[in-house]
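Novice: Can you read through this structure? Questions will come right after.
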Amino acid sequence: MTATLERNASVSLWEQFCGFITSTENRLYIGWFGVLMFPLLLTATTLFIIAFVAAPPVDIDGIREPVAGSLFYGNNIISGAVIPSSAAIGMHFYPIWEAASLDEWLYNGGPYQFVVMHFLLGVACYMGREWELSFRLGMRPWIAVAYSAPVAAATAVFLIYPIGQGSFSDGMPLGISGTFNFMLVFQAEHNILMHPFHMMGVAGVFGGSLFSAMHGSLVTSSLIRETTENESANAGYKFGQEEETYNIVAAHGYFGRLIFQYASFNNSRSLHFFLALWPVVGIWFTALGLSTMAFNLNGLNFNQSVVDSQGRVISTWADIINRANLGMEVMHERNAHNFPLDLASGEVMPVALTAPSINA
């Protein structure tokens, strides 16, 4: 009997680390993008929670009138927010070491920049990690491509818009009511509801919701029953089974008769491509619209566009919207300036459509 002895090939610590990072056998895939993603998102989340709970007021407008956003200073979950960096900081990079003290850094809204920068890099790495895992598993890369839509939207409101407006103080606050305030001010200053790219985003989000509900309900309604009436139809499905789980012919026939024949997909691949494409393209265009409005290429303006033969303005719905925009604009940053730019420059603009009659 002959025994063969073979020395095990030694694997360096670095090779073991690389194998662990890139292994698809882990319960949670890490990947090289994950090496950056996990610490970035954990750091952003940690400081967001601390700032949301305990950050002192921030001089957002740069006029020595701090605005409180944390729970410790009287806010609740709805009204609380991480307040954007001060207008006195502008677009300057403002890490902790650039401030004279921690108190100054907090007063000027340093945590906002900290959270936003780490968050944007973190979600970008998450997108890269999606691609990396798809690559390791031999899948196509469209999951990461779809995720690029919300990444683009977040980048637009947290980075591109402040760059275009010249200050991080114009970025979206990190809170519920702060988000709504950002939306109202954005409408007032850029007329976003009249921008075609925003309209495409609305069609993408609401259309995507409609198509998702239609698809899910059609599939659920055309499941191939493998069980008796006394047990759930779900019990007839086995993970990884070769047989189809629903009858696409039945779903196609139902929907084709409900609307018309060519409104229904007869190809599962083209159907799911459409379901992915519609909302993604819509949100891409919304992000693109936000990025153009950041540099004041605003929504369509039809104010005072209808006049009579004497040149007098005939008010339209566009003029009603314009009046609402002016009202929203004069309410925000009320102490930073006496009048909004639309009222402080140019010719006098009437804010009432018709003058009230006195003693009539």
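Each residue's number is its place along the chain shown, starting with 1.
In case you wondered, yes, glycine gets a Cβ from its N, Cα and C as well.
Heads up, here are the entries from Swiss-Prot:
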type	residues	note
BINDING	H118	chlorophyll a ChlzD1 binding site
BINDING	Y126	pheophytin a binding site
BINDING	D170, E189, H332, E333, D342, A344	[CaMn4O5] cluster binding site
BINDING	H198	chlorophyll a PD1 binding site
BINDING	H215, H272	Fe cation binding site
BINDING	H215, S264, F265	quinone binding site
SITE	Y161	site 'Tyrosine radical intermediate'
SITE	H190	site 'Stabilizes free radical intermediate'
TRANSMEM	29-46	transmembrane segment
TRANSMEM	118-133	transmembrane segment
TRANSMEM	142-156	transmembrane segment
TRANSMEM	197-218	transmembrane segment
TRANSMEM	274-288	transmembrane segment
Novice: What same-chain residues, at least 6 away in sequence, bring their CB to under 8 Å of the CB of D170 ([CaMn4O5] cluster binding site)?
Specialist: P84, Y161, P162
Novice: Can you name the far-off residues of the same chain, 6+ from the ends of the transmembrane segment (197-218), with a Cβ under 8 Å from a Cβ of it?
Specialist: 251, 254-255, 271, 274-275, 278-283, 285-286, 288-289, 292, 299
Novice: Who are the chain neighbours of the transmembrane segment (142-156) in space, where the CB to CB distance is under 8 Å and they lie at least 6 residues beyond its ends?
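Specialist: Here the qualifying positions are 119-120, 123-124, 126-128, 130-131, 134, 276, 279-281, 283-284, 286-288, 290-291, 294.
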Novice: Taking every protein chain in this structure into account, which of the recorded positions Y126, Y161, F265 has the most other Cβ atoms within 10 Å of its Cβ?
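Specialist: Going through Y126, Y161, F265 one by one, the largest Cβ count within 10 Å is at Y161.
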Novice: Other than its close neighbours in sequence, what residues sit by the transmembrane segment (274-288), given a CB gap under 8 Å and a spacing of at least six beyond its ends?
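Specialist: 142, 145-146, 148-150, 152-153, 155-156, 197-198, 200-205, 207-208, 211-212, 215, 265.
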Novice: What whole-number value in Å do you get for the largest C-alpha pair distance within H215, S264, F265, the residues recorded as binding quinone?
Specialist: 11
Novice: How big is the gap, in Å, between the Cα of H215 (Fe cation binding site) and that of H198 (chlorophyll a PD1 binding site), rounded to a whole number?
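Specialist: Pair distance, Cα basis, whole Å: 25 Å.
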Novice: Starting from the Cβ of the residue listed as 'chlorophyll a PD1 binding site', draw a 10 Å sphere and report how many other Cβ atoms land inside it.
Specialist: 23
Novice: Between H332 ([CaMn4O5] cluster binding site) and S264 (quinone binding site), how far is it from one CA atom to the other, in Å?
Specialist: 48
Novice: Going by C-alpha positions, which of the binding-site residues (H118, F265, H272) is nearest E189 ([CaMn4O5] cluster binding site)?
Specialist: H118
Novice: Spatially, and counting Cα to Cα, which of the recorded positions is closest to F265 (quinone binding site)? Options: H118, H190, H198, H272, E333.
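Specialist: Sorting the recorded positions by distance from F265 (quinone binding site), the top entry is H272.
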